[in-house]
Amino acid sequence: MPFQEAGVAFNWAVPDHNADAFRSPWPASRDLGDRLVSWLFGGMARWDSQYFLHIAEHGYTYEQTLAFFPLYPWLVRQTADGLVDPLTNACLSRHSVLLLSAVLVNVSFFAVAAVALHRLTHQLFSKEHADEAVLLFCFNPASIFFSACYSESVFAAVSFLGLLLLEQNRPNLATLFFCLGGLVRSNGFLSAGFLLYSGLS
């Protein structure tokens, strides 16, 4: 994850640009654990990440949060409640727990997406093409969005899994994953085109 290390370094070295964008309220008192989480992963919580983390913590409290679909914030919240919060044993604020959970969700789904893309490409073309496709997917300038608190990793994973299942002639399961994509991002519903194309061919 060379981009993750670069993100930590730049988060520390480069001051934030004040764009007057939406910022979810941070806890008033921040202990050493919170400062460490902020130092390591604070750069992953910028721009739209603020909305996703806010929804995971507070729900849909502002009108502008309605533009962000619910599956990713729900996964972050469930990961926080079921895994990260019990492990940190109340030594972190809720915001830090959610930030750690978001990064964990994204790294996990990014790995799933890479495996699904490799299997799909290998099935359609060759192992060499699959290796190249995954390398390009993993190491590109936009890879930071797969680690940041954005919905890209989850969307890529469910989309690639849907395509793989469709290619394996399992349209019912593929439909389930495409529907999950529609719960992650608004453009996820366009995946219905894959089902239509598959049904017509």
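Just so it is clear, glycine is given a Cβ too, placed from its N, Cα and C backbone atoms.
From a predicted model like this one, the values you see are computed outputs, not experimental measurements.
Annotated in TrEMBL:
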type	residues	note
TRANSMEM	97-117	transmembrane segment
TRANSMEM	144-166	transmembrane segment
TRANSMEM	173-197	transmembrane segment
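Sequence-distant neighbours of the transmembrane segment (97-117) (same chain, 6+ residues past either end, Cβ-Cβ under 8 Å): 1, 37-38, 41-42, 44-45, 49, 52-53, 56-57, 72, 75-77, 79-80, 83-85, 88, 130, 133-134, 137-138, 146-150, 152-154, 156-157, 160-161, 163-164. Counting same-chain residues at least six beyond the ends of the transmembrane segment (144-166), those with a Cβ under 8 angstroms from any Cβ of the stretch are 1, 3-4, 7, 43-46, 48-49, 52-53, 68-69, 71-72, 75-76, 99, 102-103, 105-110, 112-113, 116-117, 119-120, 123, 173-178, 180-181, 184-185, 188, 191, 194-195, 198.
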